[in-house]
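Engineer: Dumping what TrEMBL says about this protein:
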type	residues	note
COMPBIAS	1-91	compositional bias 'Basic and acidic residues'
DOMAIN	96-138	domain 'Putative host cell surface-exposed lipoprotein Ltp-like HTH region'
DOMAIN	141-181	domain 'Putative host cell surface-exposed lipoprotein Ltp-like HTH region'
REGION	1-94	region 'Disordered'
Amino acid sequence: MEKEQEAKEQAQKEEEEREAREQAQKEQEEREAKEQAQKEQEEREAKEKAQKEQEAKEAEEQKKKEEERKAKEEEERKAKEEAERKAKEDSVTVSQKQAVAMAEHYINFMAFSKSGLIDQLEFEGFSTEDATYGVENISVDWQEQAVIKAQEYLDFMAFSRQGLIDQLVFEGFSKEHAAYAASQMGL
């Protein structure tokens with residue numbers, strides 16, 4: 001019976017060892033599975049990060065290319081404008097240059113409408129083409145010229161609002177500029 005008892009104990013001991021080995025193996029497999037899952041997760045995250053970095057790099061390169069393209073277009077546009085300006089300047093006749101100078105002189109001396117200044121330059125002997133060129137190549141605020149002319153008229157005589165507008169239109173100012181000038185005079 002003692003042998004039987006020993007055999008039982010031996011069998012129980014072996015069973016416990018087998019269960020312990022199985023438990024240890026199960027725990028080892030779970031650790032390995034967990035480590036594998038973590039490794040796969042890290043690889044996915046690294047791949048996603050690398051992809052995002054690549055996309056950001058490509059977007060930055062695209063943005064840089066677009067900026068370079070725009071800068072080149074702007075440079076080409078400026079070069080073209082400069083070439084056109086120079087060609088226009090080179091093609092300007094002496095008479096046209098004189099018309100510009102005289103138009104500037106007159107506009108600094110007294111107020112004119114655009115058509116009135118062209119008429120004055122024609123009276124001075126410039127062709128219609130040169131007179132028009134001269135007037136179109138000076139820097140003038142025609143609305144402001146209407147205001148100045150209105151003040152000149154009011155300094156010498158009285159006008160009704162409509163009378164002043166009619167006189168300014170007769171001088172060659174647009175109806176809008178004439179009405180604006182009359183309003184600026186308080187009429």
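Quick reminder: no glycine exception, Cβ is built from N, Cα and C everywhere.
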Engineer: Could you count the residues of the domain 'Putative host cell surface-exposed lipoprotein Ltp-like HTH region' (96-138) that DSSP puts in helix, in strand and in coil?
Structural biologist: 33 helix, 0 strand, 10 coil
Engineer: Just to confirm my parser: what is the rounded mean pLDDT across the domain 'Putative host cell surface-exposed lipoprotein Ltp-like HTH region' (96-138)?
Structural biologist: 92
